[in-house]
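Down below is the structure, laid out as structure tokens.
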Amino acid sequence: MIETNDPAIWRNFLPWPGAETHKHARGRLGVVSGRAHQTGAARLAARAGLRIGAGVVRIYCPPDAVAVIAPAIEAVMLTPFASAEALAREVEEMDAVVVGPAAGLDEATVANIQALASSGAALVIDADGLSVFKGRSAELFALLDRDDVLTPHEGEFERLFPGLLHRGRVAAAAEAAERAQAVVVLKGAETVIAAPDGRLRINRNGSPWLATAGTGDVLSGMIGGLMAQRMDSFDAACAAVWIHADAADRFGPGLIAEDLSETSPVSLRALWMAVRQG
């Protein structure tokens, strides 16, 4: 059954904190950064994860990126890693990990994703983490669990699922989720969220203000932040997609990616008030 992505479906499942909650109970999110000249995407994702409620967020980066990232973050923690094996060890404490934004189209990215897949953390894979598997998508799918999330735009989707978009976006997303055995978020004006169990939602509050660099990185961080708080991956993706667009509309003209994390608490507050009012 195809549903419209209405907040009434999932707002009661959002991980609202209780009186006794502490930061570790609110989930731990990891974000894997690219090299020194490619760190902005990870910082956007990490801040978005914090803003949507993850209690602890840590960026994992190559050693050459430490000096670039450290002065640009406050509440986000930072850990360097020198190899895929080291990354796998470092993320053992994480509940969810975002990987792919500005990661680089090389075998190091493949190795990092392979290592992360064995870590036990739920994964959000975006951008270079998808495109690097062009022509070898079966390798990626073999690594995935049903609680992992892929977040392609149409170009990235075509690299993983060549020719599938000819069926139409809804049918293509549904088939992709079945093939990958993971949640697929096919981004666009009406983003389609599909789960491997057949659940399917279309997001209809898409905002034209999102057509600017870095907004996809923010979305990945939002999804990962909710997943780190142990929200069901499909509902986490649906909630993040809606909140992402709502925050963009609330800001309006002049929006840049950095603004989304600052505006998203307004969207969250409106959802919280709706929950409290029943």
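Here the Cβ of each residue, glycine as well, is placed from N, Cα and C on the backbone.
Please treat TrEMBL annotations as automatic predictions, because they have not gone through curation.
From a predicted model like this one, the values you see are computed outputs, not experimental measurements.
For the AMP site, TrEMBL gives Lys187, Gly188, Ala189, Glu190, Thr191; the one candidate out of Gly155, Gly163, Gly216, Gly221 that the record lists there too is Gly216. According to TrEMBL, the residue from Asp217, Asp232, Asp235 that belongs to the (6S)-NADPHX site alongside Ala41, His153 is Asp217.
Nearest in space to Asp217 ((6S)-NADPHX binding site), taking C-alpha to C-alpha distance over the binding-site residues Lys187, Gly188, Ala189, Glu190, Thr191, is Lys187.
Classification of Ala41 ((6S)-NADPHX binding site) by DSSP places it within a helix. Candidate binding-site residues: His153, Lys187. Fewest other C-beta atoms within 10 angstroms, His153. Considering other CB atoms within 10 Å as the measure, the emptiest surroundings among the binding-site residues Glu190, Asp217 are those of Glu190.
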